[in-house]
Amino acid sequence: VLSPADKSNVKAAWGKVGGHAGDYGAEALERMFLSFPTTKTYFPHFDLSHGSAQVKGHGKKVADALTNAVALVDDMPNALSALSDLHAHKLRVDPVNFKLLSHCLLVTLAAHHPADFTPAVHASLDKFLASVSTVLTSKYR
């Protein structure tokens, strides 16, 4: 459960992402594909090379979903319901992959905003991304 301090940290950190959200989403996906090659199996139709338009497009979708989750942090189950259905029933993404992408997002954010990535912010973002992952996997049961 996110505390009021966690929610404040997440909103402040995501606010600093600003117009770079799509770029950071794409960078996190590239990082995930390089670090965890098995995740590529969900994207057989994508050009997974550095800077590909498909990875950038999906990175923007990821970032937009996270922006929505930040904005509706107190109602994430409703905010992410359609994505949960999509990933559970149509795409059938293994839930562990959400943890892998979350880790890559944290690394990406830390690389771009090292001064802002304090231990407290890191912990809050980690809890937030874990909450997002929990919501996205809730319809698997």
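Cβ coordinates come from backbone N, Cα and C, glycine included.
The feature O2 binding site is assigned by Swiss-Prot to H58. Annotation comment: Swiss-Prot describes H87 as heme b binding site, evidence class sequence analysis. According to Swiss-Prot, the feature domain 'Globin' maps to 1-141. Annotated phosphoserine per Swiss-Prot: S3, S35, S49, S102, S138 (among others), in sequence order. The N6-succinyllysine annotation in Swiss-Prot covers K7, K11, K40 (among others) and is backed by similarity to another entry. Residues or ranges marked as N6-acetyllysine by Swiss-Prot: K16. The feature phosphotyrosine is assigned by Swiss-Prot to Y24. Taken from Swiss-Prot, the feature phosphothreonine applies to T108, T137 (among others).
Residues in the domain 'Globin' (1-141) partition by DSSP class (helix H, G, I; strand E, B; coil) as 113 helix, 0 strand, 28 coil. Reported as a whole number, the C-alpha separation between T137 (phosphothreonine) and H87 (heme b binding site) equals 8 Å. Listed modified residues near T108 (phosphothreonine): Y24 (candidates S3, K11, Y24, S35, K40, S138; Cα-Cα distance within 10 Å). Straight-line distance linking the Cα atoms of S49 (phosphoserine) and K40 (N6-succinyllysine), rounded to a whole number, equals 11 Å. Shown are the recorded positions K7, K11, K16, K40, H87; the one with the most C-beta atoms within 10 angstroms of its own C-beta is H87.
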